[in-house]
Every structure is written in structure tokens, then in C-alpha cells.
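If you check TrEMBL, you get these features:
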BINDING   Gly166, Arg167, Ser168, Ile232  NADP(+) binding site
DOMAIN    6-121  domain 'Tetrahydrofolate dehydrogenase/cyclohydrolase catalytic'
DOMAIN    140-281  domain 'Tetrahydrofolate dehydrogenase/cyclohydrolase NAD(P)-binding'
Amino acid sequence: MTAELIDGKAFAAGLRARVAAQVPTFQAAASRAPGLAVVLVGEDPASAVYVRSKGKQTREAGMESFEHRLPADTGQDDLLALVEQLNADPAVDGILVQLPLPRHIDEQEVLLRISPDKDVDGFHPVNAGRLATGMEGFVPCTPLGCLMLLQDRLGDLSGLDAVVIGRSNIVGKPMAALLTQASCTVTVAHSRTRDLASHVARADIVVAAVGRANFVQGDWIKPGATVIDVGINRVEGKLVGDVDFASAMRVAGAVTPVPGGVGPMTIACLLRNTLVAAHRNAGVPLAGDVLAGIDRPERT
Ligand SMILES: Nc1nc2c(c(=O)[nH]1)N[C@@H](CN(C=O)c1ccc(C(=O)N[C@@H](CCC(=O)O)C(=O)O)cc1)CN2
């Protein structure tokens, strides 16, 4: 058996196009474009690439991109002052501080300072709480992208067994909340989980977000399962995921590749969240079916 490849790159391009198609209508109603501010502190090469892509894709969608590049030795107070300035700026609908931050900066304090109404990353505890309780808020981009890929492939997820490997605030926890909301039976596995393989073996859906290259083995996977690989690990100059791709492809029903799977969905969902933030901040309604179309596009 050879699994189907889930083409996140193509899905993300479609999502970006659907977001871009909504921008002129917003602009006509609000007399301005949606605006996204991205803050990069330091020179981490991977972060610099992601921030460049965010700026480019924001502009391509017809939105305004505000980019702030600060030196690695920027102090906590200066960064917080910039966040406050962006919170108060009516042209800015979404604020994103690129992670990881340099070690001398208290990441939690910075994320807490972003207005929850502009928190398009969905990392603020207010938005985490909204997600946990099923309220409207901002959902972190990577798990939102994973959910879209899963719903596109499987349709209704209710009743399916899902295992999420990893319990980070950015991926594992929100992913588990989204799958629970979609009526899956969810197991959250982590470094202390005993007999991980036995949990994976029961799962119709496997989301691997553990940060260890080629960790999940094909012979753990239930035949036909859908495998979402969130990992981005560099091994000998090559990008590999958290799933051992070759062995997973022999057993699973569908697998996201790395690169070209989940990664591109992260920025596409950021644009989607920025569009939603702009409508909410400007008091311009975004038609429910338009949102549904973004979250659950028709199959072509
Ligand atoms: N404030 C945030 N910081 C970080 C986030 C985030 O969502 N918000 N996520 C990651 C990095 N990230 C976006 O910021 C991101 C990661 C990967 C990709 C992507 O498209 N990956 C490609 C491969 C790219 C490459 O060659 O390196 C893929 O998987 O196909 C986009 C965005 C951490 N920080």
C-alpha cells in the first residue's frame, strides 16, 4: 500500500487566493486594507526566512505589511513599547512576534502584552481560553492549518480516534482542543507517555508535533490512518519531519510531506486570521458562508 500525499502547498495557495478575493470587499467597506505587523528580534536565519515570506504573502494578498526588525540585543522594555504602539495603531489589525525570541527576553510577557483582538497567532491566554471553551477567538495558525487539511481529506471527523504527539502551547494543546471540538476521541501523548506505539496504533488520525526527526515509525501506524507531520527538522542540510516518511507511506492512508505539507498552511492561516481580525476590528461583517468557505472549502 502507498499512502496518498496531502499537498499542503497547493491547499495553502488556494486558501491564500480565497483570502485575497475578500480583501477588495473589506477595503471598500473600511476604506483601508487589512494590516499585519510582524516583529522579528535578532538574526535567526530560519525566522528571517519566515518573516520575509509573511511580508511577501501579505502584500500579495492585497494587505498592508508592517515589518519591524530589531537587533538581537533589544531590551524587553523596548519590545513591549513597540507592541503597545502596534496595539494602539488603527492601521494594524494583526500583530505577530516571531518566535523564538532571544533568550534574555521573557516570551510569555511579550505574548501577554499583545491585544487579544490583534493576536492573529492565537497565542494569548485569552484566545487559548476561548478555544478551550469553544468561544470565538483566534486559533494558532499551524493547528488550524492541520485541521483544514484533515477536514478536506476526511470530511466529518466525529467519532474518529486521534493521537496528538506533543503538548506545546503552540501546536499540541490547541490541536487537541480543535480535534475535541470536531468530536474526535483525542489522546495527547508526550515524552512521559508509556508505550506510545500502542496509542498510535489505535489512531485514525496521527498529528506528530514532537520536534524529533523521523521519530514516528511506520509500523506503529494503523493501516489507512491519516498522518499529519508538523515537524520541521534539519538533518544533514535536509528538511525532515517527525514521521519516518518512507515507512509511514507504506502503511498510512495519507501523509503530509515535509516540506510542502503543514508548513505552507501556517502562513496561509495567518493571512486568514488577519482577514478575520480586520473585519472584527473595523466592525465589518464577514459573511458566515465566506468564513465557512475558508475553513471548509468545497472539494474540486
Ligand atoms: N509567532 C510565530 N512564530 C513561529 C510560528 C508561528 O506560527 N508564529 N511558527 C514557526 C515558524 N513558521 C512561521 O512563523 C513557519 C514554519 C514553516 C513554514 C514553511 O512554510 N515551511 C516549509 C519549509 C520552509 C523551509 O524550507 O525552511 C514547508 O514545511 O514546506 C512557514 C512558517 C515557528 N515560529
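Heads up, the Cβ atoms here are built off N, Cα and C, so glycines get one too.
Because TrEMBL annotations are produced automatically, they should be read as predictions rather than curated entries.
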### Task
Determine the Cβ neighbour count for Arg167 (NADP(+) binding site): the number of other Cβ atoms within 10 Å of its Cβ.
18
## Note on the structure
Counting other C-beta atoms within 10 angstroms, the emptiest spot among the binding-site residues Gly166, Ser168 is Ser168
#### Entry: Taking residues Gly166, Arg167, Ser168, Ile232, which bind NADP(+) in the record, the widest Cα spacing (Å, whole number)
16
## Note on the structure
Filtered by Cβ under 8 Å and at least 6 apart in sequence, the residues in the chain of Ile232 (NADP(+) binding site) near it are Leu239, Gly241, Val258, Pro259, Gly263
### Task
Restricting to the domain 'Tetrahydrofolate dehydrogenase/cyclohydrolase NAD(P)-binding' (140-281), report the mean pLDDT as a whole number.
97
